[in-house]
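Database features, via Swiss-Prot:
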type: BINDING; residues: GLY101, 104-105, THR109, 111-114, 129-137, SER141; note: 5-phospho-alpha-D-ribose 1-diphosphate binding site
type: BINDING; residues: GLY101, ASN132; note: anthranilate 1 binding site
type: BINDING; residues: SER113, GLU246; note: Mg(2+) 1 binding site
type: BINDING; residues: ARG187; note: anthranilate 2 binding site
type: BINDING; residues: ASP245, GLU246; note: Mg(2+) 2 binding site
Amino acid sequence: MLTQVSATQADSNQASQASQALLDTLYQGHALTRSQSETLFASIVAGDMDPVAMAGMLVALKMRGETTAEITGAADALRSAAKPFPRSADSISTGVLDIVGTGGDGFNTINISTTAAFVAAAAGAKVAKHGNRGVSSKSGSSDLLTHCGIGLTMSPKAASACLDTLGLSFLFAPHYHEGVRHAVPVRQALKTRTIFNILGPLINPAKPEFMLLGVYSPKLLAPIVNVLNALGVKRAMVVYGSGLDEVALHGDTQVAELNNGDIRFYHLTPEELGVERADLNLLTGGEPSDNALITKAILQGKGEAAQRDAVAINAGCALYISGISDSVQAGTKLALATLKTGKAFDVLTQLAEASQTEAQG
């Protein structure tokens, strides 16, 4: 027994020394490799890193600027530690889509990407929406869904079944990434953005092949699209919409598009997508209960024109990326047509019923 304890202690000491050596590398201003970054972040989510050391590490990364390899390694660690999400042969064959943003853009808009997820699902995509509570807005994706009667803690097996039957499942981040809680006190104490602010969209347990990913700064377009490529994502659009982490209705959208290893950068305008541009004020959101009413109205084809179009252009780009449509313009047309049918609202009500049935069972 003593021998076992001694061996465990020795292993722990070796791991601690290895982590300290990597931290020293960071403090000297050097970048980490992907595997080195994975090692440090695995220590964080396992609860093994001292909070002071963690704070120093996060600040060192922030001050130098995180590299693609460091972000990818961090994502590797969090994905490996996540609760597994089972994928059926059907969803593996067709591929899975996520429509997600980093948050933190500073605008309190309606829940565009979450509402767009219902539209994309109704139009034929398989959407595994990974989300959390609000960061920069009053209403994050999970806040909205709760007010739509959709449970957040559906088992992975049940969520996977919804993905197959309804074309949509919602994966509540804290339900799958319990180890991230170890970083919360340090992040709160630092009161500044760190690498964790961009990791959320990169650690979907469903490991989607297709992604529409909004970022809060144009400086993130190139790093994030390269991370998605390194993580094995097949097709993606990383977008920055004139201040929003969405495809913009009020201005131009900068795009970094990934297509099976090839990356290109370009701009999109609302007019190119087939809609009229509209003032950002028309997309202002409210409390989760308010946003839930807005989402339900949009999905029933009753929303205000600007709200409808903002959702349609995001759903349209997602439909293009997932291969349902052959262009962003065709995707937007399909999204607008889908909204008129009310099928997207049917997906919402069916997902709510499924989550409530599981909760009662």
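First residue shown is number 1, and so on along the chain.
Using N, Cα and C of the backbone, Cβ positions are placed for all residues, glycine too.
Features as recorded by Swiss-Prot, highlighted on the structure.
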residue: GLY101; record: 5-phospho-alpha-D-ribose 1-diphosphate binding site; contacts (Cβ under 8 Å, 6+ apart): SER113, PRO201, LEU213, GLY214, VAL215, TYR216, ASP245, GLU246
residue: HIS130; record: 5-phospho-alpha-D-ribose 1-diphosphate binding site; contacts (Cβ under 8 Å, 6+ apart): ASP98, VAL100, LEU171, ALA173, GLY200, PRO201, ILE203, ASN204, PRO205, ALA206
residue: ARG187; record: anthranilate 2 binding site; contacts (Cβ under 8 Å, 6+ apart): LEU58, THR194, PHE196
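In this structure, SER113 (5-phospho-alpha-D-ribose 1-diphosphate binding site) is part of a helix by DSSP. Rounded to a whole value, the Cα-Cα separation of ASN132 (anthranilate 1 binding site) and THR109 (5-phospho-alpha-D-ribose 1-diphosphate binding site) is 16 Å.
Under the DSSP three-state reduction, HIS130 (5-phospho-alpha-D-ribose 1-diphosphate binding site) is assigned to strand. In the three-state DSSP assignment, the secondary structure recorded for GLU246 (Mg(2+) 1 binding site) is coil.
Secondary structure from DSSP puts ARG187 (anthranilate 2 binding site) in a helix. With a 10 A radius on its CB, THR109 (5-phospho-alpha-D-ribose 1-diphosphate binding site) counts 22 other CB atoms from all the protein chains.
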